[in-house]
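Q: Below are the features listed in Swiss-Prot for this protein:
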DISULFID  Cys2-Cys18  disulfide bond
DISULFID  Cys9-Cys23  disulfide bond
DISULFID  Cys17-Cys33  disulfide bond
DISULFID  Cys25-Cys31  disulfide bond
MOD_RES   Ser37  serine amide
SITE      Arg8  site 'Pharmacophore'
SITE      Trp12  site 'Pharmacophore'
SITE      Tyr22  site 'Pharmacophore'
SITE      Ser24  site 'Pharmacophore'
SITE      Arg26  site 'Pharmacophore'
SITE      Met28  site 'Pharmacophore'
SITE      Tyr30  site 'Pharmacophore'
SITE      Arg32  site 'Pharmacophore'
SITE      Arg34  site 'Pharmacophore'
Amino acid sequence: ACVGDGQRCASWSGPYCCDGYYCSCRSMPYCRCRNNS
């Protein structure tokens, strides 16, 4: 399963973002999925 917009993600181990999203780690300490459009 993948996670969507605003959900917590981890680029190195998952959970991974759904298609159309990328894992943004700017808002530490957690990474969150952002729309990549």
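Placement of Cβ uses the backbone N, Cα and C atoms for every residue, glycine included.
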Q: Within a 10 Å radius of its Cβ, which of these recorded positions (Ser24, Ser37) has the fewest neighbouring Cβ atoms?
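A: Per-residue Cβ counts within 10 Å for the recorded positions Ser24, Ser37 bottom out at Ser37.
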Q: Report the nearest neighbour of Cys2 (disulfide bond) in space among the recorded positions Cys25, Cys31, Arg32, Cys33, Arg34, comparing Cα positions.
A: Cys33
Q: Out of Arg8, Trp12, Cys17, point to the one nearest Arg32 (site 'Pharmacophore') in space (Cα versus Cα); all of them are recorded positions in the record.
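A: The smallest Cα gap between Arg32 (site 'Pharmacophore') and any of the recorded positions is with Arg8.
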Q: If one looks at the chain holding Arg8 (site 'Pharmacophore'), which residues at least 6 apart in sequence have a CB under 8 angstroms from its CB?
A: Pro15, Tyr30, Cys31, Arg32
Q: Within 10 Å of its Cβ, which one of these recorded positions (Cys9, Cys25, Met28, Cys31) has the largest number of other Cβ atoms?
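A: Counting every other Cβ within 10 Å of each candidate, the maximum falls on Cys9.
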Q: Rank the disulfide-bonded residues Cys2, Cys17, Cys23, Cys33 by how many other Cβ atoms lie within 10 Å of each Cβ and give me the one with the fewest.
A: Cys2
Q: For Cys18 (disulfide bond), list the number of other Cβ atoms lying within 10 Å of its Cβ atom.
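A: Excluding its own Cβ, Cys18 (disulfide bond) sees 14 Cβ atoms within 10 Å.
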Q: By CA-CA distance, flag whichever of Cys9, Cys17, Ser37 among the recorded positions is nearest to Met28 (site 'Pharmacophore').
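A: Nearest listed residue in space: Cys9.
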Q: Between Cys9 (disulfide bond) and Arg34 (site 'Pharmacophore'), find the distance joining the two CA atoms and give it rounded to the nearest Å.
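A: Here the two Cα atoms lie 10 Å apart.
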